[in-house]
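**Student:** After the structure tokens below, expect a handful of questions from me.
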């Protein structure tokens, strides 16, 4: 900071504001900043005094004329629009107006004009809604046609993307369905345990998932050796999940599929733990 006089600067240079390690306290981070505050106040006072006497000229932080360039351009555009003559609207003219509810452009017809307030009342074609609009805000009917064409193009693009995604999802479901038919239940794995309340025992045919199953149960207790079927040396083949029908596209069916996957995950986890325990008990019986 520039100082007003040389004497003040030399006096401040001789003043020691802070020296670490000279305090009596062991904590060197706690120190008195009174001298620093006094030096700052003194420097500010001397600068203000020199500025008041005219020794120092205050220079602005920003150059003049640079901060208002953009508003100047805006004013030019406003002047240009003001110089261009507005269209002389009449009662009964067709126009396009922006509806205040959604901000979209709709075709309308002028029903009344207030030249003093430069406003008018328009009726939207095909809707019958009335709304007051400024005469300067009215658009030609061709603007509405261009806007509707652009909206139709965007809707068509979104529809095409939606159709592509649906086609890809259906193809994936058909592939999963064909794979599930090609890989039926094998003798390496027993069928999943019955659902609560179904009345079907393990190994009985006709196990179906008619509705969303309950949350996945806890892993089953340790399996008995008599319950475990013989296992081959290779790893078991895990059956695929039940195929999802193409007509089941609501959230209820998606929730049911998720709960089924949880149920199957808990079943296979308990099945693996029982297999390990059965194998461990078999080793212990051989050693004994």
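Cβ atoms here come from the backbone N, Cα and C positions, even for glycine.
Straight from Swiss-Prot, here's the annotation block:
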{"type": "REGION", "residues": "1-29", "note": "region 'Disordered'"}
{"type": "MOD_RES", "residues": "5", "note": "phosphoserine"}
{"type": "REGION", "residues": "10-41", "note": "region 'P1 (binding site for GEMIN2)'"}
{"type": "MOD_RES", "residues": "22", "note": "phosphothreonine"}
{"type": "MOD_RES", "residues": "25", "note": "phosphoserine"}
{"type": "MOD_RES", "residues": "28", "note": "phosphoserine"}
{"type": "CROSSLNK", "residues": "48", "note": "SUMO2 cross-link"}
{"type": "REGION", "residues": "54-85", "note": "region 'Disordered'"}
{"type": "COMPBIAS", "residues": "65-79", "note": "compositional bias 'Basic residues'"}
{"type": "MOD_RES", "residues": "66", "note": "phosphothreonine"}
{"type": "DOMAIN", "residues": "88-148", "note": "domain 'Tudor'"}
{"type": "REGION", "residues": "94-204", "note": "region 'Required for interaction with RPP20/POP7'"}
{"type": "REGION", "residues": "146-216", "note": "region 'Disordered'"}
{"type": "COMPBIAS", "residues": "146-162", "note": "compositional bias 'Polar residues'"}
{"type": "COMPBIAS", "residues": "170-180", "note": "compositional bias 'Basic residues'"}
{"type": "CROSSLNK", "residues": "204", "note": "SUMO2 cross-link"}
{"type": "REGION", "residues": "235-262", "note": "region 'P2 (binding site for SNRPB)'"}
{"type": "REGION", "residues": "274-288", "note": "region 'Required for interaction with SYNCRIP'"}
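Mind mapping these onto the model and telling me what they sit next to?
**Tutor:** Over the region 'P1 (binding site for GEMIN2)' (10-41) the predicted model carries a mean pLDDT of 67.
Within 10 Å of the Cβ of residue 48 (SUMO2 cross-link) there are 12 other Cβ atoms, across all protein chains.
In the domain 'Tudor' (88-148), the DSSP tally of helix, strand and coil residues is 11 helix, 27 strand, 23 coil.
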**Student:** So, in DSSP terms, is residue 48 (SUMO2 cross-link) helix, strand, or coil?
**Tutor:** helix
